[in-house]
Each structure stands twice: as structure tokens, then as C-alpha cells.
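Sequence annotations record features per position, and here TrEMBL assigns FAD binding site to Ala11, Glu32, Leu40, Val76, Trp362, Gly369, Val370, Ile371. The NADP(+) binding site feature in TrEMBL is assigned to His147, Gly148, Asn149, Val150, Arg191, Arg192, Glu203, Gly369. Here TrEMBL flags 2-158 as domain 'FAD/NAD(P)-binding'.
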Amino acid sequence: PRVCVVGSGPAGFYTAQHILKHHGGALVDIYEKLPVPFGLVRFGVAPDHPEVKNVINTFTQTAHLDRCAYYGNVTVGRDVTVPELQQAYHAVVLSYGAEDNRVLGIPGESLPGVYSARAFVGWYNGLPENQDLKPDLSCETALILGHGNVALDIARILLSPLQLLRKTDITDSSLAALACSKVKRVWLVGRRGPLQVAFTIKELREMINLPGTRAVLDPADFTGLESAVKDAPRPRKRLTELMIKTALEKPVEMQAAAAGAAAPREWGLKFQRSPQEVLPSADGRRARGIRMALTRLEGSGDSAKAIPTGDVEELECGLVLSSIGYRSLPLDPAVPFDSQRGVIPNSSGRVEGVPGLYCSGWVKRGPTGVIITTMNDSFDTAQSVLEDLQGGVLDISPSREGFGLVKSILHSRGVRPVSFSDWEKIDAAEVARGKAAGKPREKIVDPAEMLRIIGH
């Protein structure tokens, strides 16, 4: 059987890995629109979290298998359609993730100074489409809408001492911009309360321990939470206890502050506030603050809803980052898509109404969870493919040409795919550039330059 996987992030690679491991004869081709593989492991994981990127070693082992091939620089839906892939392969798995972000839907959202977290993360992580972002970091106060790990990542990058960032694979241009940044205060704002935050304890602890930075948490936000969290699952309980401890602690800096030497930078969490409008500066040219509706919670736990109370509050800030979630987009008219939920309708990864078509990762279940969640989800989809091969649901009697057919289609459209060994040349160039700068790698951010390196 010939299987094709669209997207080379964790979902794509884990799907391929599982199929190859459990079917001794399957051939898997992975297609990727960028010349370089690994999706959000390369472009989403924070530069100061190198250990999270170790999964790249596993993915590289998969790509090196005889029965696996990688074709980068191929945009499915444009360079080759999904029906064309279905003609070439016995099974097609869509694992292309979430390439857009959810919008706030409030006035002033498009003012200069307002950015999506996705674009900002892409900018400092070297995602080609975000290289011209040039965020304005000339203000003192930044406000991040959202209480997830991505929000904490951004706050940490904005406030980290430069000597910590210099040792990471953060892009050269974003490092230069951060060196000139005036931002010294970051507020993370959420619609719900401390019991609903979506970040994890590891990220919170990193933020609390960030050198030269102090946490500003209001003890009033945490009144009575110790008893409320008594019977909560252990991760939630520990997370809440750490927030309470931080809110109530009088840190050494406080005593120093009394003597007139405060920590130069600070960050804090604000709860039960929902953005209503980004406020423009007097000349209307940029963001100067945000108006927020105060909310009260109905219900409890993860299902609690934030209801506006009618009261509002304004906060001054020159930089607004919206971290309210990523969003998947439809890829090809031939593929069913639930635009309300931003996913491909499926059952255990089998696309509804289209036999032989599957999906895994964020486009299957929505943009939530960490790499391990995506791994389990992808194994689940791969298992569906294996069951359908075994149960004869997928007819593999007609031989399919796989890449042979796709190659001629791409050739006729003037598209030259990039192989995994091509990627390894780009990788070597990045590592060499990084070595010269004392970094693990210096990412190349221009696809044209990537293609030049491999002589395309």
C-alpha cells in the first residue's frame, strides 16, 4: 500500500512512524509546503525550550527509513490537489495543522501595535511568512490576551535577559529587535479565573523564576481558592497552589523596592476581563490601550462561562498580542470542512463520507494539546488506516504510482520538490552559521535562500 501524509509537523511524522512500524510493506510519502520539515516543532516551540525539540531526532529516523520519502516545497491544494493525491495513493492522511489564528472580533483589532500570538511566535522562530512583521516594541507595557502556554512563552521572550536568548536558536533579526525593546511590563489577561488558566506548572515556574523580573499577582484574586482546589486533579491543584504562594509571598525584591531598587521588569496575571475594544492613540495611528469588560463566572471548573457584569476598565498598553488560539483552514474543495469548529469532520481520523481519506493532529481535533497529545492522536488515526488496510476497506489491488504520478503533475506545473537530504544540507548550513554566533543554529528565514543553498 502507498500512503501519503500531508504536513510534516508532529502529526504527520507520528502518523507515518506508526504506519511504517506496524505494516511491513507500506510506503509512506510526506508532503510539506515549506522546504523545511517539522512544522510547529521548528516554528512553534519556544527557542529557550530546546529539550522539547528533541522529537526531531525521532522524526529524522523515520524520514531515513527506506519506505519513507519527504517532499518539501509542495503546496497541496495548489501544486497538486487532494483528488490527484487520491489517484496516486491508496490512502491520504491530512495532517497539515492550523495555519491561521482565531480573531478577537472587536473594534481596533487591526490597529498597528496589535498582533496575533501566532504571527509573533512565527516572527521570533523564523517562520518565513512572518519575517516582515517588525513588531513595534517601543512601549513600556505589553498586554497578552490569553492564559495558555503560548501566552507565557511570549511574555518570557519579551522579558528574558538577552544573554539567555543569545544562546538559543531565536532568529538574528528578532534578537536585534528585542535588544532595542522598551517593554518592561507584561500583563496576561484572561476572561475567566485562576482555576481556568490553560498554562502548565512548568511554564508558570519558569516565568516566576525569570531573572531580573518579578511577578505581580493580586492576593485578592486567589481568596478562598485553597479550599476550592482541594479535590481538583493534582496538576490543577499544584498549579493553583503555586499561583497562591506567588501572590502571597513578599519577595526579596519587595524589601529591596522599599529601599528604592525594584526589579527592572515585571509581569502579572489579570483575570475575569474580556476585551471589548483596542483604543487608538489621539492621531488614530496605533494602539494605546484596551477597554475590557469585567466578567463574573457562571458554573465552575473547566466549563465555567465568563459573563460580562456591565463594568468596564481601561488599561494603557502600546503592544497587544492576541493569544486566543490557532485555527485550521480548508485545504481543498474536495475535502469536507467544518468551518464552525475549524476541523475536518471525522471519526477516529476517518474523514466523513470520503473513504481512503484520513486526518490527524490539530486539523482533526482542534488546536489543543502538546506534542504528546498529538502523538497519541496520530497513532489513533494511523491505527484506523491499518485496520482499513487489514479489513479490506481500502482496496490495494490496483497498483498506485504514488510519487511517480505526482512527480509528473508537479513537473508540468513547474514545481520542484525538496528531498530530505536537501533539507539536511539546509540544516548543516544553519548549524554552521549558528556555531559562528555561539548558537545551536541560525535559522534561514527566506525560502528562496533555502533553495539557493541546495542549488534549486
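Easy rule for this one: first residue shown is 1, then count along the chain.
Any Cβ shown, glycine's included, is placed from N, Cα and C.
Ranked by Cα separation from Arg191 (NADP(+) binding site), the binding-site residues Ala11, Leu40, Val76, Trp362, Gly369 are led by Gly369. Neighbour list (Ala11 (FAD binding site), Cβ cut-off 8 Å, at least 6 residues apart, same chain): Gly39, Ser95, Gly97, Ser360, Gly361, Trp362, Val363, Lys364, Thr374, Asp377, Ser378. The record assigns Ala11, Glu32, Leu40, Val76, Trp362, Gly369, Val370, Ile371 to the FAD binding site, and the maximum Cα to Cα distance across that set is 25 Å. Summarising the NADP(+) site geometry, the residues cited as binding it (His147, Gly148, Asn149, Val150, Arg191, Arg192, Glu203, Gly369) extend over a maximum Cα to Cα distance of 20 Å. Cα of Glu203 (NADP(+) binding site) to Cα of Ile371 (FAD binding site): a span of 15 Å. Sequence-distant neighbours of Leu40 (FAD binding site) (same chain, 6+ residues apart, CB-CB distance under 8 A): Gly9, Pro10, Gly97. Across the residues of the domain 'FAD/NAD(P)-binding' (2-158), the predicted structure has a mean pLDDT of 97. The binding-site residues in question are His147, Arg191, Arg192, and the one with the fewest Cβ neighbours inside 10 Å is Arg192. The binding-site residues shown are His147, Asn149, Arg192; of these, the one with its CA atom nearest the CA of Ile371 (FAD binding site) is Asn149.
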